[in-house]
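Per Swiss-Prot, these features apply:
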ACT_SITE  Thr40  active site, charge relay system
ACT_SITE  His43  active site, charge relay system
BINDING   Cys38, His63, Glu64  Zn(2+) 1 binding site
BINDING   Cys93, Cys96, Cys99, Cys107  Zn(2+) 2 binding site
BINDING   Ile175, Asp195, Arg200, Leu262, Gly263, Ile264, Ile286, Tyr287  NAD(+) binding site
Amino acid sequence: MKALSKLKPEEGIWMVDAPKPEVGHNDLLIKIRKTAICGTDVHIYNWDEWSQNTIPVPMVVGHEYVGEVVGMGQEVRGFTIGDRVSGEGHITCGHCRNCRGGRTHLCRNTSGVGVNREGAFAEYLVIPAFNAFKIPDDISDDLASIFDPFGNAVHTALSFDLVGEDVLITGAGPIGIMAAAVCRHVGARHVVITDVNEYRLELAQKMGATRAVNVAKEKLEDVMQELGMTEGFDVGLEMSGVPSAFHSMLDTMNHGGKIAMLGIPGGEMAIDWSKVIFKGLIIKGIYGREMFETWYKMASLIQSGLDISPIITHHFSIDEFQQGFDAMRSGQSGKVILNWD
């Protein structure tokens with residue numbers, strides 16, 4: 001089968017002829033229709049320090065996808081051949097305290113599809129049936145293929161009450177932009193998103209952000225004043241992993257504010273903890289999606305009218321995968337879809 005593999009320990013991704021995966025007793029065999037390129041895939045392409053320390057070579061990569069069930073193990077229940085599915089990319093152990101307690105997203109033994117095990121950039125993917133999510137008929141393949149990053153946005157945004165609140169999002173990558181759309185949809189008042197990438201700030205504005213602020217040109221405090229905000233942001237969503245962005249968030253949070261952190265700093269990050277203490281801030285780390293509450297919320301949000309389709313800016317056939325990676329690496333894109341049909 002066709003597949004995209006991290007074939008060598010250097011910059012790049014390669015098209016290979018890979019063996020079709022075998023189906024275990026509790027597995028689904030999925031024929032891939034569409035995949036999306038994640039920021040993680042770009043890290044793997046670039047072969048940065050994280051990738052060098054994490055990714056086995058060679059390995060098929062990719063973890064954002066939608067496809068059709070074409071085979072299943074003899075123990076699988078609840079799925080039929082022809083079901084349209086996406087899937088949770090974090091494969092959990094089922095045995096640790098968090099898994100047994102129903103907090104599977106906090107499994108300490110998580111293995112990532114396309115990160116620690118064979119991924120979805122292939123004509124066929126095998127995953128445990130437990131990890132598959134049936135896609136409702138009224139949700140398109142395009143949207144279903146980005147449920148993984150959309151889930152990061154939903155999990156982060158819905159960590160705290162947003163109704164009538166003022167929200168600051170630092171980092172206008174695709175996940176931050178989708179989070180802005182979620183915040184507005186569920187009833188936040190002002191949703192301000194910051195970055196230095198004009199292309200993505202414009203995209204965030206289209207997706208519902210009250211203000212998209214280029215912090216290289218405009219002060220966040222001036223924007224707050226223009227919006228009539230006198231006491232700071234109630235909720236912060238840190239999506240960038242950039243220390244200066246987090247420092248700015250701490251400066252502009254209201255007392256008693258709540259921060260959800262999804263962005264991963266490149267290394268240790270020093271902050272002024274006195275601001276956290278004296279403001280009484282709550283900081284929550286976010287990793288992945290809640291299994292599977294976030295997945296049901298994603299489907300329900302779209303079915304209730306949330307439109308995240310503008311975040312998808314490019315489509316390529318799988319044979320044009322290099323153009324897709326070039327678009328993602330340029331920073332001048334939203335989500336990039338690769339078509340396998």
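Every residue gets a Cβ built from N, Cα and C, even glycine.
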Here the Cα-Cα span from Ile264 (NAD(+) binding site) to His63 (Zn(2+) 1 binding site), rounded to a whole number of angstrom, reaches 18
DSSP says Tyr287 (NAD(+) binding site), in three-state terms, is coil
Residues near Ile175 (NAD(+) binding site) by Cβ (under 8 Å) yet at least 6 apart in sequence within the same chain, in sequence order, are Pro149, Asn152, Ala153, Thr156, Met239, Leu262
Per DSSP (three-state), Gly263 (NAD(+) binding site) is coil
Not counting Cys38, His63, Glu64, residues with a CB within 8 A of the CB centroid of the Zn(2+) 1 site are Thr35, Ala36, Ile37, Thr40, Asp41, Gly62, Tyr65, Gly89, Gly114, Ala120, Asp148, Pro149
Rounded Cα distance, in Å, between Cys107 (Zn(2+) 2 binding site) and Gly263 (NAD(+) binding site) is 19
Taking the centre of the Cβ atoms of Cys93, Cys96, Cys99, Cys107 as the Zn(2+) 2 site, the remaining residues of that chain with Cβ inside 8 Å are Thr92, Gly94, His95, Arg97, Asn98, Arg100, Thr104, Arg108, Asn109, Thr110
Taking only the CA atoms, the spacing between Asp195 (NAD(+) binding site) and Cys93 (Zn(2+) 2 binding site), expressed in whole angstrom, is 37
Counting across all protein chains, other CB atoms within 10 angstroms of the CB of Ile286 (NAD(+) binding site) number 19
Taking only the CA atoms, the spacing between His63 (Zn(2+) 1 binding site) and Cys99 (Zn(2+) 2 binding site), expressed in whole angstrom, is 21
